[in-house]
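A.B. asks: Structure below; questions to follow.
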Amino acid sequence: MKTTRLYLFLTIFSTIALLVDTDESVTAAVVIGIGATLGWTMYKYSHESCDSSWIYFNATALEADLESKLFGQHIASSIILKAVNGFMKNENPQKPLVLSLHGSTGTGKNFVSKLIAENIYKEGMDSRFVHVFTSTLHFPHPSQYLTYKSQLQQWIKGNVSNCERSMFIFDEMDKMHPDLIDSIRPYLEYYDKLDGVSYRKAIFIFLSNSGGENITRTALNFWKDGRKREEIELKDLETMLTLIVFNDNQGGFFRASLIDKNLVDFFVPFLPLEFSHVVQCALAEMRARRRKPDMDVADKVAKDLVYFPETERVFSVKGCKTIVSKLDYYT
Ligand SMILES: Nc1ncnc2c1ncn2[C@@H]1O[C@H](COP(=O)(O)OP(=O)(O)OP(=O)(O)O)[C@@H](O)[C@H]1O
Ligand SMILES: [Mg+2]
């Protein structure tokens, strides 16, 4: 937006400057015409719109990102790639894509949502077609859920009317009021159109910690049995995950008819991260800061975190979450 204003300002300014220098009115009109055309072209190119110049899915880049940037999540990586690929390549999807990402803290749920957004929208998470709701921030008072409900519905409708390829990320889904979750159900259904609006090309991503403990328990059992982490398959977790989420009395998924009606297309488990993944996160953060990756520092940072079980120290309690601040401390 700021760039747009700057372009416009410069165009108008140069036009006026030329005008002042020009005596003949015909030349002035031509100059104004050129200025206006230039200004409009620049505006169009710098102002995000809901078309293929701003929204295009790059499957190869998503695959490369998942492969090189997301650590230790072989199941999530493969489900997400297939799900997003299949959906984006389908010209006529029957319903919006609904992904529900589960796992303990700092395992990459927000991070993966960002990777998806970056490979669909030129502006990534800054796109005006990508919307993030955080339960505790946007819907803090359970008693006001009726107000939230109508606001949320109008908001989804307004945004999808504006751009059918909209993406909605609901963070802390487990802390959301069940009735509020229910209120988004109509948009996730197999309707052709709802009040004249089609939601079939939208993407909904739900993030939550529910099921995290059970995913961790499964990972720990594999480790105790001496089996490789990569041997864990979706089928080892999927049924359990659906049941846990559905029966979670604490969390907002409880009774939510999203699950009852099979509106969630994919439940995506995020495994707890190990020491080696934390080292990779630290090295990645150094690269992101344009510093030479330093293995010694990465090792120190990783050793500083808390792991469980206490004696074996296998999984990082907070995943890669505190890497940024730890790195500030060591560098
Ligand atoms: N699996 C991963 N691979 C690479 N980086 C990761 C991974 N998990 C976490 N990170 C890093 O740690 C940061 C925090 O992770 P993220 O916010 O995605 O966690 P989360 O799963 O959403 O946790 P929470 O449940 O607490 O919200 C990310 O921005 C990213 O830099
Ligand atoms: Mg998160």
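Note that Cβ sites are derived from N, Cα and C of the backbone, with glycine treated the same way.
What TrEMBL shows for this protein is this:
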SIGNAL    1-22  signal peptide
BINDING   Gly103, Ser104, Thr105, Gly106, Thr107, Gly108, Lys109, Asn110  ATP binding site
DOMAIN    273-330  domain 'Torsin-1A C-terminal'
A.B. asks: Looking only at the domain 'Torsin-1A C-terminal' (273-330), how are its residues distributed among DSSP helix, strand and coil?
C.D. replies: 32 helix, 5 strand, 21 coil
A.B. asks: Under 8 Å Cβ to Cβ from Lys109 (ATP binding site), same chain, six or more residues apart: give me those in sequence order, or none if nothing qualifies.
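C.D. replies: For Lys109 (ATP binding site), the qualifying residues are Leu101, His102, Gly103, Leu207, Phe270.
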A.B. asks: Centre the Cβ atoms of Gly103, Ser104, Thr105, Gly106, Thr107, Gly108, Lys109, Asn110, go out 8 Å, and tell me which other residues of that chain have a Cβ in range of the ATP site.
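C.D. replies: Apart from Gly103, Ser104, Thr105, Gly106, Thr107, Gly108, Lys109, Asn110, the close residues are Phe111, Asn209, Gly212, Phe270, Gly319, Lys321.
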A.B. asks: Fewest other C-beta atoms within 10 angstroms of its own C-beta: which of the binding-site residues Ser104, Thr105, Thr107 fits that?
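C.D. replies: Sparsest of the binding-site residues Ser104, Thr105, Thr107 by Cβ contacts within 10 Å: Thr105.
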A.B. asks: Here the binding-site residues are Gly103, Gly106; which one has the lowest number of other Cβ atoms no more than 10 Å from its Cβ?
C.D. replies: Gly106
A.B. asks: Determine the most Cβ-crowded residue among the binding-site residues Gly108, Asn110, using a 10 Å radius around each Cβ and all protein chains in the structure.
C.D. replies: Gly108
A.B. asks: Please list the binding-site residues from Gly103, Ser104, Thr105, Gly108, Lys109, Asn110 whose Cβ falls under 6 Å of any atom in ligand 2.
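C.D. replies: Cβ < 6 Å from ligand 2, in sequence order: Lys109, Asn110.
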A.B. asks: Using DSSP and three states only, what is Gly108 (ATP binding site)?
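C.D. replies: Coil, per DSSP.
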